[in-house]
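Beneath this line is the structure, given in structure tokens, with notes to follow.
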Amino acid sequence: MKREHHHLHPRPDPPSMAAAPNGDTYLNTGKAKLWEEDAQLDGGMDELLAVLGYKVKSSDMAEVAQKLEQLEEAMCQVQDTGLSHLAFDTVHYNPSDLSTWLESMITELHPPPSFPQPHPSQMNDSSFLAPAESSTITSIDYDPQRQTSSLIFEESSSSDYDLKAITSSAIYSPRENKRLKPSSESDSDLFSTSAIGASNSATRPIVLVDSQENGIQLVHALMACAEAVQQNNLNLAEALEKRIGYLAVSQAGAMRKVATFFAEALARRIYRVCPENPLDHSMSDMLQLHFYESSPYLKFAHFTANQAILEAFEGKKRVHVIDFSMNQGMQWPALLQALALRPSGPPAFRLTGIGPPAPDNSDYLQDVGWKLAKLVETINVEFEYRGFVANSLADLDASMLELRPSEVESVVVNSVFELHKLLARPGAIEKVMSVVKQMKPEIMTVVEQEANHNGPVFMDRFTESLHYYSTLFDSLESSPNNQDKMMSEMYLGKQICNVVACEGSDRVEWHETLTQWRTRLCSSGFEPIHLGSNAFKQASMLLALFGSGEGYRVEENNGSLTLGWHTRPLIVTSAWKLGNNSVVVTH
């Protein structure tokens, strides 16, 4: 079920609507220049506050600031006695009209003496605390050419944008009577509540924070900041980036975390501070281990690739796996155990692991080989291992790998989340595919992100990555281990920073979709291989280990297998072989 929120326009007045060709309705976001024109038409509304949904005239800023001070003092004065005299049925119809809203809050805190007290039966009525319908952001469509945006929200039980009931102990210290101080960046941040009410329970007073409204403003601020960056309006982008941080605080769960990482990435792009050491192998390996434990994505990648490799090795006596993504070797114990159980006996297994150099120049690939060697001793598999350190797969040469004739040894090439890194260097992917063809593999297994983060237009890349990583973070919320989840979020946060903040050779996350990879690989002389139905069934069983598989979806896509969260595919496994007309060029 999808709902379009037509009140997301940055101005509180009824927004102008435009119909898209597919019938969807877009809300006019406007650009910086249009905001200025709108401000003049709206009687001098403050530009920055208007784009974030607050209706304040520039001439009224001093009055609003004075009302904020009055409200602050009033709230501090009633801390000892609580806020029980507030009328629970008061409705602030337009909190975006900041001046009027503050006036109503002040009036309610200091009611005239003649006002009647609420009836006890009314004080017992807690219907205003009924939970709102839960929703989460799972799709964002943005078209900068039309200068419009459509913010689409889908229902999900994994994220919470309900009204938050916060007890007084969460706001005021029981031992100290502290004075509330609004942020110096924006005085209105402190008063992002939609209503203030009271009851006769022991947890009085209760303040309701409308995190759903703030969530809407948060997404709008992210999109507006990205557009300002694209237009090189850095002053506006800087102000919006700071605003994003304040709005993110009011959110819970995945939305707050995603917004925080994207805010950092935008700040780095604004100030031109690219993250250091994007290829820090030791850190990436450690974070990837936690990602492996907290979610099924890497397990799915290894499992489906191993299934295709196992079928390709059927009946072979000597096999050779060339792994472009060795890391900690987590993929291979399961395959070795499966080969050991073959009715005809295990083949002789040769493994060549390729990885980037370690920052401390340690021989981590050799350590991985020793661990695997200890494993094969227990399962009686003949094992041979060699590790290669390479700054890039494009530096690889087939002559380095000591290849043996195909009649003697069957070769398989495996790549998990590695090929997209080659797209930063012109001609690199073509060179690697040429080397792979010289290896004459039985099969090449490829696992990549199902996302297009490689477009030339920054807004397109930002919108797609915001959608993609919001879905990924949403799926991680079901992880039972908080430490694994936190480290997994850092693992994905590094990717977000690289996608958004970096350009050129500094950017390594050049993700593309299966359709794009199919075009690339077919043009390089490869043909797709259909992954068997056994892989599909067993991958579906794997998901039962993660929250009974709820939310995760395995789908078949033209012979490839995708794993996604609800309706969004996130990673894809495909298998390839040399085409019949493929020409192998040796150097």
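Every residue, even glycine, has its Cβ placed from backbone N, Cα and C.
Residues or ranges marked as region 'Disordered' in Swiss-Prot: 1-23. The motif 'DELLA motif' annotation in Swiss-Prot covers 46-50. Per Swiss-Prot, region 'Leucine repeat I (LRI)' is recorded for 216-270. Annotation comment: Swiss-Prot describes 288-353 as region 'VHIID'. Look at Swiss-Prot and you will find 319-323 tagged as motif 'VHIID'. Per Swiss-Prot, the feature region 'Leucine repeat II (LRII)' maps to 367-399. The region 'PFYRE' annotation in Swiss-Prot covers 411-498, and the record cites sequence analysis as its basis. Per Swiss-Prot, motif 'LXXLL motif' is recorded for 419-423. The region 'SAW' annotation in Swiss-Prot covers 501-577.
Summarised by DSSP class, the composition of the motif 'LXXLL motif' (419-423) is 5 helix, 0 strand, 0 coil. Broken down by DSSP into helix, strand and coil, the region 'SAW' (501-577) contains 30 helix, 26 strand, 21 coil. Shown for the region 'Leucine repeat I (LRI)' (216-270): DSSP residue counts in helix, strand and coil, namely 48 helix, 0 strand, 7 coil. Most Cβ pairs under 8 Å with the region 'SAW' (501-577) belong to 288-353, among the candidate stretches 216-270, 288-353, 367-399. Across the region 'Leucine repeat II (LRII)' (367-399), DSSP helix (H, G, I), strand (E, B) and coil residues number 18 helix, 7 strand, 8 coil.
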